[in-house]
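Quick look at what TrEMBL lists:
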type	residues	note
COMPBIAS	244-256	compositional bias 'Polar residues'
DOMAIN	28-94	domain 'Cyclic nucleotide-binding'
DOMAIN	154-227	domain 'HTH crp-type'
REGION	238-269	region 'Disordered'
Amino acid sequence: MDNDNPPSESSPCLVLDAVSPAVLGASVMDRLRQLATQHASVPAGTTLYRQGEPFQAIYAVRVGAVKTVVNDAAGDGQVLSFRLPGEFFGLTAIHAGHYVNTAIALERTAVCSLSFPALSRVADEHPALRRQLMRLMSGVILNEQDAHAALAGHAAPARLAFILLALRRRMPEPEASAETLRLPMSRADLGQSVGLTPETTSRVFGQFRRHGLIHASGRRVRFLDTVRLQAMAASISPAAPSRQVPQNVAGTTSANDGGRCSQAADGGG
């Protein structure tokens, strides 16, 4: 189901929420706002950038959802991660100089982007901005690496419980609450992001329903026994679903999920 309420063109770019106006000053923030490009209504299935393309911009989701996919030598795609409102993507291209995955809108989505070459020029003039950006980017990439490492070796039920709980924490209202979650992605994509085949994902969903853990209808999931799901996922590092809140990067980044402007239990931004 597509998101029906994209923000207006005047909505702020969430990339800017991750830097500190108090440290940078009004003139630098004005320059950054001029660099931001708003993409107010991106149709489902739209490719925002492709694996191998030159790195041009970093992105943040404002409304909707994006998946990142990596293709192997045979051209087969593997879902790496999901980016939800307030979260960055495209950051892993910084060191390579080209995008290392493909980003695709899962539903009608609004994103904003910042030209990285232009951003770098401003950062060259203002070391405080460069420090904030490097801290932000390092934190995002490390969170992603930690998330994938945490999943290794765990059984399918633990992985599925983990990603469902992580998405519930990351998704904004009304798409998620203590009891319910709307999945912006297919179940096949959901399972693939934590290393499960479509068949295994379907089987574990069925197990969860039969054991009274969830009720699932289409892309709607209702949590019936969160305590048991949390127990299943407890063996997976709780650091993986952390979220960087866009409280500026001048001090510390906060982790309480994948906060706004953070990534979560799926890596590969």
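Here, residue 1 is simply the first one shown, and the rest follow in order.
Glycine is treated like the rest: Cβ placed from N, Cα and C.
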Tally of DSSP helical, extended and coil residues in the domain 'HTH crp-type' (154-227): 36 helix, 12 strand, 26 coil
Averaged pLDDT score, the domain 'HTH crp-type' (154-227): 95
Residue counts (helix, strand, coil, in that order) that DSSP gives for the domain 'Cyclic nucleotide-binding' (28-94): 10 helix, 33 strand, 24 coil
